[in-house]
Amino acid sequence: MHSANHWGGSLEIANGDSTTEDDNRSRNNLDWDRASANHYNYDHQRSLHETQQSWLLGPPEKKKKKYVDLGCVVCSRKALKYTIYGIVIAFIVIGLPTIVAKFWPKQKPRPIPPDNYTLALQKALIFFNAQKSGKLPKSNGIPWRGNSGLQDGSKLTDVKGGLVGGYYDAGDNTKFHFPISFAMTMLSWSVIEYEHKYRAIGEYDHIKDLIKWGTDYLLRTFNSTATKIDKIYSQVGGALNNSRTPDDHYCWQRPEDMNYERPVQTATSGPDLAGEMAAALAAASIVFRDNTQYSRKLVKGAETLFAFARDFGKRTSYCRGNPYIEPFYNSTNYFDEFMWGSAWLYYATGNKTYISLATTPGLSKNSNANFMIPDLSVLSWDNKLPAAMLLLTRMRIFLNPGYPYEEMLSSYHNITSLTMCSYLERFHVFNFTKGGLIQLNHGRGQPLQYVANAAFLASLFVDYLNATGIPGWNCGPYFLSLDDLRSFATSQMNYILGENPLKMSYIVGYGNKFPRHVHHRGASIPTGKTKYSCTGGWKYRDTKNPNPQNITGAMVGGPDKFDKFKDSRTNFSYTEPTLAGNAGLVAALVSLTGSGGYGVDKNIIFSAVPPLYPMSPPPPPPWRP
């Protein structure tokens, strides 16, 4: 059957098997279209169904957050979880390595081994422990020493507790206050300049204790609470030359066994003794600047002593005509002590009266400072002139005060430079042994104390110039490097430590070869319950056997001008140590050691010195309309 096709063609409807290939292809296409249509209808219905649901149910419900109640705080469980994770991770990454690093056994870096100067210095300080008189502390560290001299000055009515304490001078049992004072000044000076070195080697507290042992005693030798005094106790014990009665020279006894009379010497005048004592207390007051009360006590005592020294009616030497002192520690001048004491008092107080005195032309003239006499360039317990001028040169180098001090300070600086030149062998001012030891005392006995003092001054002068960037100094027409002067100081100290023809150390206990027959009563007599009488100890003085105790750190008198040395107890010029000599040794060694670094402390000594120039005025207030 045909029906009309209103779209411009016939529409054929076939039934049965009368289909053609095109019909089959069309049917297949129709099947695909039907399937597609069915899929479309399903998706469309599902989308429509979901849309209808959304119309009915509204937006989908959000997932609820879970919270944790921590009592005072409520927080998200998720935030808490991440916080805990963060803490755990931070502990693993940061905390755990820190704990391990802190508690893991560490191998400490090995300290730099001390140099020879440090080793010798530590021993040299022990000598002072062995020389102590009085009631010794348990920490004194010398097993063969005990309490001694407990009755010294007990008959004096104006000294509470007597004159107990202080130091024995040398191998005998006498307390000479003049060299004791010089020794304390030298030790204090070395601490002021090289405190950092003493700290580095662990000896700072030790040397302060040694100084205080001396200054405490010196404060008892005069009325230190007064502003004006009329006497000083200048010595305890002693002996007369060629005496045959029991005293400190005739008897050979340990200090612990002394049972003879020990007279006290009194000086009613003494510019030299009082000047040196003032220097000792003033220098020590700078060392103890952190102990305000004790430092002020030292300053007060120093000013009282210096007023006594400057009293025009008391200008006779402390030892003149005194047979117990003059043959042993005779002072040849006192103007050097005036310069020395006034310089230290200026640094200790800042009082310009003292620096004005130290730079007075008349003082320089009376002390013969300007004459460049070789012997006056040798520092000793008797001659402080080269040390005083170097101390004042320090002021010019670091403070440059200008007028009115510049002229004299410039003169002291020039003389100090020439003194350093005189120590050098090339200028032929002093002889040298073939082994290289300078002969500052012209070949006489006990040369090493002068050598150590010169080495200290030379080393200190080098450090002063180095601190200001000055590479050398002038010796006449020659400009010399500071290395030349440092080499002098090191060569002399190396000689003392064993670089000499005998390959012997002259410091007991240092090195493998050192004196074994030291002229020293305490070290030469066996310890024990037996107390030897005045003459009973002679057998230990005269024996050829070595001392039963080594007096560690003692620098003996030293060799002769031919580099020969007699290790004999009876040859005291070779084998006797002294307090003043060892103080110079300590100062020289600490100046040369590299422990704690090189150079001086530029400022400590000026702690009490006020500004030399007027302070700048404060700025004007801001302008206001």
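Positions of Cβ are set from backbone N, Cα and C atoms, glycine also.
Just so you know, TrEMBL annotations are computer predictions that nobody has curated.
As given in TrEMBL:
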| type | residues | note |
| --- | --- | --- |
| REGION | 1-30 | region 'Disordered' |
| TRANSMEM | 84-104 | transmembrane segment |
| DOMAIN | 117-589 | domain 'Glycoside hydrolase family 9' |
| ACT_SITE | His519 | active site |
| ACT_SITE | Asp567 | active site |
| ACT_SITE | Glu576 | active site |
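When Cβ atoms from all protein chains are considered, those within 10 Å of Asp567 (active site) total 17, not counting its own. In this structure, the active-site residues His519, Glu576 were compared by how many other Cβ atoms lie within 10 Å of their Cβ, and the smallest count belongs to Glu576. Reported as a whole number, the C-alpha separation between Asp567 (active site) and His519 (active site) equals 9 Å.
Rounded to a whole number, the distance between the Cα atoms of His519 (active site) and Glu576 (active site) is 5 Å.
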